[in-house]
């Protein structure tokens, strides 16, 4: 039913939203809060009220028969109580039907109120002589429950309570004023009744207001907790997608656990890691096939591309290759420029790994052929495949990239280098694994690649089964069109590749706060497949917002079900059903130690109730010295308690507060923040009020007690004059019922301490109830009995002071107990939601930080911000062109000789452990402030690639002073020599003699992020290619730079030595320079010293 109502409301809200903005969603939220308020507060309380009233009716019948009262004398009572019981039972049955209750909520409230008022008047009119104090306690009960237990709103509750109290006052005033002999003390009694009713109205309104505020806070906390839970799930999904887009699942979870542990910090009792080595996330896998593929002709094409075109082409091409890899059970490892390599057989071994790689190679050639035929652009694929064993995983601390290492990987790389465009070049080992699945022909790879010749590798070309092999002169047959002839090759490529619709990198990322705002968004959909205009994005944002609202509302409905009336009495995971204690002792301790700034207002309300008790007793009691002294002492005590509670605020308002009064300021803070002072003050305050309610009853004069007759008025031993005298004395004791009413107000004063320990309030009220019953039924029973017998010939239950007092006190005790328990339950529930929200918020922050760490481990910080920003640009490809970026390649050529695969070093694993230490130590340098501008790009085997100048805004590059504009090139040189120093330190500890070979170049580059499956930040351009050549043609322990770079370095104070002219592959003859080692090191030391 709730679900149907919710859907109907959602439909109405959607229509309203279309007509008037966000009204619909607000209406949906309003209904949700109404449902929450109805089922969590109103429903349980009205059920409890009906149970209390029905229990009271049964108790009244039981007491009636227990006292042996004559049925003939109390027919009205015996008709009224069972009839009321039947009516309330029928209402109770209907209320328990949730759909009926929600539909007839106001009707039930009105019927119960009318029935209670009618019962009050029936008890008043048909019980004998009507007195001014008649049914005050019953009408006080009606007033109090109208506020606290009946589902009226505040306005309706005030109206109903005022009508109840004013009707009682008016009826009695009119009736008794016309009754002979009842006018003597009528005014003071009616005035006392008014004060009691005013007190009941104020206490009820106070209780209702605070409970509604508490419930609203609980609702908000529930919403916040559920929102945070949805966001946490979203963050976890996003983090998993992000992590799995960077690393394979088998290694990702292990690294994730370590990152989370690092983010959360060391926990108590957890042993610190005493291992001197960094963790190595590398595993060995056997029987895999490795594919290397290079796009032939792409370098020439790239020189004609704009930055956007280059990044778009690479993303589309490699996106297509990723799709082909997935179809053929291959895992892409890395993209190196325009080179793509992948492995089949990871992480789970596959018997057909060789077939998968060969099939993928053929599909890649076929895809490029289609591009070539459609665009007329002269590009092709050169593919090499080899099978064997690999070590795979991640090394270093930053910019993780999943990679593979082994001699077989090196051989696969040379299979590609020794191949032919448009063909799949395989080794004899791969051929054996194919088991005749493909026809092959001689490859003669040793002719084209010295490495293959040196290692005597027999190679073959796979014949594509889809068609006969074409001769090289027919491989390129451009399709000329009128439009194509007018367009650049890069434009033709870009337009054609758009039709592939490759996914964009990090398209699933959204802003970290998107789910905690009012207009929050949540994305659980797959990554988009292509460009969308702004309107489409806006539409999708609205649908995401709608999905988020629907999910939040669905979970709120579940939460409302979870805190329904019956649920708090059933077994709960967090709260014990009887005591309401938390199962978790730490949470229980935290709850009890919670600060309570509102405590002073509880004391204030209790003091107001005490003031009402004082006014009532002053109005009706004889004016005695004991009365004055007792209330005077009580007033002074309560005023002092009030002053201590409010001292903090009073002294803060006063500019001339004395230093001697500072202890009061501290005391006020201690009371608000510590439980034991609050408990002590609660006990003292309630004890004073409860005691003063009956204190003066013990000081009635002897004459007032002894002159009362001990039997009814018809006693034969009492003369008529004596009887008249007794009746007159009895009328002078009209104040006796007001002691009972004061006791009831005293019990109500206990309930105003809403967030004080429930068991403490229960104990105080129980002690008070027992004490009051001892007074009423034992110590002063003869006074009350005699007074009732003098006024009434056959007093019924509600006319007999002793019985009426005991029953009324018991009813109020049970009512206040239920309200106290209800209040305690929701206070604890609110605390629990806040506690869960706090923990989930911390977990969300950990997940957000984890996502940021993961993203910044792939991208530079400024690029990561681009993808984490609020804007919707993260659906577009990121690319940026720079005019001056310094690129460094630093390699350890000796590591190739050091790397061996044997049982001693666990088939090369221990060699990689050393490489991991080297790269990790290099990465440590990046955290130093002086190298904050250095951006690690990637590692390629034992080569470390980094760049500076990528953090500057391109438009601001030329705005800088010339010297400052090139400072980052000097930073790169300093970083290179810091790498040399790190490597020297590692050599000393590992007894090796590795030397670093460094190549540096500067100039324009294009930066971008490509690949949706494994997004990768990279830089491209001639500057990068030349820097790589500076390394590969360099000399050990030297930094080789181009002539242009050397001129810049010399202006920065570095000394460069000309090496001469060398031949650089693809670039011809270049004049290069070596940076002076000693000069650089001295500069580095001076910088560190400064």
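Residue numbering: from 1, along the chain as shown.
The backbone N, Cα and C atoms fix where each Cβ goes, glycine too.
Going through 322, 338, 363 against Swiss-Prot, the one listed in the Mg(2+) 2 site together with 294, 295 turns out to be 338. Swiss-Prot marks one residue of 287, 717 with the annotation N-linked glycosylation site, and that residue is 717.
Note on Swiss-Prot: of 538-558, 559-579, 580-600, 601-621, the range annotated with the feature transmembrane segment is 601-621. Segment annotation: Swiss-Prot labels transmembrane segment over residues 75-95 (candidates 12-32, 75-95). From the options 511-531, 658-678, 679-699, the stretch Swiss-Prot describes as transmembrane segment is 679-699. Checking the ranges 482-502, 734-754, 839-859, 860-880 against Swiss-Prot, the transmembrane segment annotation falls on 734-754. Swiss-Prot assigns the feature region 'Interaction with GNAS' to residues 989-992, out of the candidate ranges 989-992, 993-996, 997-1000, 1001-1004. For the transmembrane segment (679-699), the most Cβ-contacting stretch among 107-127, 601-621, 626-646, 734-754, 763-783 is 734-754 (pairs under 8 Å). Within the chain, the transmembrane segment (186-206) has long-range Cβ neighbours (under 8 A, six or more residues past its boundaries) at 132-133, 136, 139-140, 143-144, 146-148, 154, 157-158, 161-162, 165, 168-169, 172-173, 176-177, 605, 608-609, 612, 615-616, 619-620, 734, 738, 741, 745, 748-749, 751-752. Against the transmembrane segment (107-127), the recorded stretches 157-177, 626-646, 763-783, 800-820 differ in Cβ pairs under 8 Å, and the greatest number is found for 157-177. Within its own chain, the transmembrane segment (734-754) has Cβ neighbours under 8 Å at 131-133, 136-137, 140, 144, 185, 189, 192, 196, 199-200, 203, 206-207, 210-211, 214, 599, 602, 605-606, 609-610, 612-613, 616-617, 620-622, 682, 685-686, 689-690, 692-694, 697, 761, 764-765, 768-769, 772, 776, 783-784, 787, 801, 804-805, 808-809, 812-813, 816, 819-820, 823, 827, counting only residues six or more beyond its boundaries. Candidate binding-site residues: 295, 297, 382. Nearest to residue 338 (Mg(2+) 1 binding site) by Cα distance: 295. Each residue contributes its Cα atom, and for residue 294 (Mg(2+) 1 binding site) and residue 1029 (ATP binding site) these two points are 18 Å apart. Across the region 'Interaction with GNAS' (989-992), DSSP assigns 2 helix, 0 strand, 2 coil.
Residues 682-683, 686-687, 690, 694, 697, 700, 705, 708, 710, 733, 736, 740, 743, 746-747, 750, 801-802, 805-806, 809-810, 813, 816-817 of the same chain lie 6 or more positions beyond the ends of the transmembrane segment (763-783) yet place their CB under 8 Å from a CB of it. Looking at residue 1026 (ATP binding site) and residue 295 (Mg(2+) 2 binding site), their Cα atoms lie 19 Å from each other. All chains included, 16 other C-beta atoms sit within 10 angstroms of the C-beta of residue 336 (ATP binding site). Remark: residue 297 (ATP binding site) has 377, 378, 379, 380 as non-local neighbours, by Cβ distance under 8 Å and separation of at least 6 in sequence.
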